[in-house]
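Chemist: Let me give you the structure first, and then I'll get to my questions.
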Amino acid sequence: MFNLIKIFFLVSLLSKWVFCDESNNSNYNTNTSNTTSNTTSSSISASTINITESINTDVINVAVRTQRDVSKPIPIDQVGVAGISLNSVFDNQGYTADSLAELTNLLQLGTQVVLLTLYWNEFTSVWQLCPAPFPQNVTYYLNSLVNVTWNNNTYLCEYGFTTNDIMDTIFEYLQSSNTVFNVYFMHLLLNLKSIHYEKSNKTIDLENIYAPNSRTNIIGNTTLYDTVAPLSPYIFTPDVLESYQNSEANSTQSNYQQFYAQSNYTFPSLDSVLFLEVKRLLVNVVNNDLVDSRRVYSITLRDRSNIFFNNTMPSTTLDTAEADAFCDRVLNSANDIETFNNLSLYTHFRYVTDNNKKRFTMKGVRRYVKCGLSPVFNASSYQVTNDSFAQTSNQSYYPTANESLLDVEVAFEAFIPYNFWSFAPGQPIMNETTRGNVLSSDANVAYKCVAMNPDGWTVEDCYTEYQYACKNITSPNDWFISTRSRRSYFDIDNDACPDGYNFSLPRLSIEMAALYNVIKKENAEYPVWIDLNDITISTCFVSGGPYAQCPYQKTVTTKKFIRMIAPSSIVALVILFLIFLENLFRKNQLQTNRKKYWKKVLSEHYAKHEQEGVPS
């Protein structure tokens, strides 16, 4: 029997080793604070996440993820994002590999837009990062730092620093963040310019100096497609869009899809792109300043199949002055539903960029995102005061008042809380049962529900009675607020809103602007309840009322259940088999003879000592 126990122990260890090996080599780490991918596939991990591991997630990460989740039904051309122009990095670091570390950090901070300027070198016919050509009569090492001059401007450029380095850095970020919990949709915006010269007798010397040689292709690619090709597994291409538009015409549509089907240009929802098409990035030429000449770059069919241009995808890029005027129109209280519908249906991919003459401010950025614009930070430095930085950064370094932050990475981090169209800066509050840790023994208190305030969404006590927002089921910019009715979040049911409306929340910035407009027109009082809470799981904000389930809860599918019980089932079968073998081999001849012998001895003993009656 002792041997049987030892065998059972060894079999148990073996089963654990065999069946746990696969789970230990999972493609994705479910620790949401440091999730990385170990695969080169662009497929997003479909495994569910244990949300309890993210209880201490930074406020910013929760806000980013929540804004993404509520925007899932929205077409990608309407989803608000924020990002940086690499010019702001190169202005400080030079066109060198040193800028890659800063790009990596900016991506990890949540940059969802990267604006990249590419230069078509008419001397060598390649796309390059450096705004000036390299003289070919000088021998360079790949890591040579060279001061090159063109059009009376001098630039610090590293000879071997190419577009491939930028694409590889973005690819590594996309790969490492390719999980259900951390996946976001990015925009790679291209600004095309020429290194141009007018061919004449006077430029013969220039042609000799900058003529291509055997190392020309080291510093760039000959086509736009080749330039972005390292990102191809993740790119949402014009071909993918065309396929979607063809299939959408014959599919059953949700209320949101029916509304946006009225648009002059239909795009798939964020949810479809990320989780059905499994794409992470679109590449869009937002500005084409190529000089028309005999040596100008000719866009190829392969370029058009993988990259969007203005004639294949409409977009708008405004400067700060134009953006201010745009926001004045959008946030005008005289607007009606039709105004907001036109913005949602007939304007697409709305960006605003700044420059060193007029930089973004926190207040300005906040206004831009509220009126439906996506800010792209393009200046080389920003003014950030000590107070505002201290409220938004975990770093030990604080700038003095009005100090210029030459490190754009630090400035962007300080601006992050102002980049959300949804949550107010510093929201959502987490790990609090009550505000100020005040708990009354005779009253229910639960800061788990979200309400609208003048500066965005805030977490409020679910038991407090506020006015609440009702949205038209078929028209997402049509809102109703009853100024005579106040309810706690828990008491807002299906009968709380008029027919054709339900208790809901804004899912993009234009809907939010329309709701602000109604609140002002109806003289409603803030806060106003919207349908969003983290009642079920802390930091997992969901819509659908107080009983809505977090999509990231750890669930057990049939397949997973079989995998879970398989080891114990096999161990049980092995044990039964061993018991059967033991019983089988116990019946040997020696044991049989022994039994017969003792049976005979006992029979003879009873025969000799047979007694009558009951012994006294």
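Glycine is no exception: its Cβ is also placed from the backbone N, Cα and C atoms.
Residues or ranges marked as N-linked glycosylation site in Swiss-Prot (evidence: sequence analysis): Asn24, Asn31, Asn34, Asn137, Asn147, Asn152, Asn201, Asn221, Asn250, Asn310, Asn342, Asn386 (among others). As annotated by Swiss-Prot, signal peptide applies to 1-20. Swiss-Prot lists 21-564 with the feature topological domain 'Extracellular', giving sequence analysis as the kind of evidence. Here Swiss-Prot flags 586-616 as topological domain 'Cytoplasmic', drawing on sequence analysis. Residues annotated as transmembrane segment in Swiss-Prot: 565-585.
So where do these features actually land, and what's packed around them?
Modeler: Taking the Cβ of Asn137 (N-linked glycosylation site) as reference, residues of its chain lying under 8 Å away and at least six apart in sequence are, in sequence order, Asn208, Ile209.
In the three-state DSSP reading, Asn147 (N-linked glycosylation site) counts as strand.
Asn152 (N-linked glycosylation site) carries neither a helix nor a strand DSSP state and counts as coil. With a cut-off of 8 Å between CB atoms and residues at least 6 apart in sequence, the same chain places nothing near Asn152 (N-linked glycosylation site).
Sequence-distant neighbours of Asn221 (N-linked glycosylation site): residues of the same chain at least 6 apart with a C-beta under 8 Å from its C-beta are Val126, Trp127, Thr163, Asn164, Thr227, Ala229.
In the three-state DSSP classification, Asn310 (N-linked glycosylation site) falls within coil.
Taking a C-beta cut-off of under 8 angstroms and a sequence separation of 6 or more, Asn342 (N-linked glycosylation site) has no same-chain neighbours.
Taken together, the residues in the topological domain 'Extracellular' (21-564) have a mean pLDDT of 85 on the 0 to 100 scale.
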Chemist: According to DSSP, which of helix, strand or coil covers Asn221 (N-linked glycosylation site)?
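Modeler: Once the DSSP labels are grouped into three classes, Asn221 (N-linked glycosylation site) ends up as strand.
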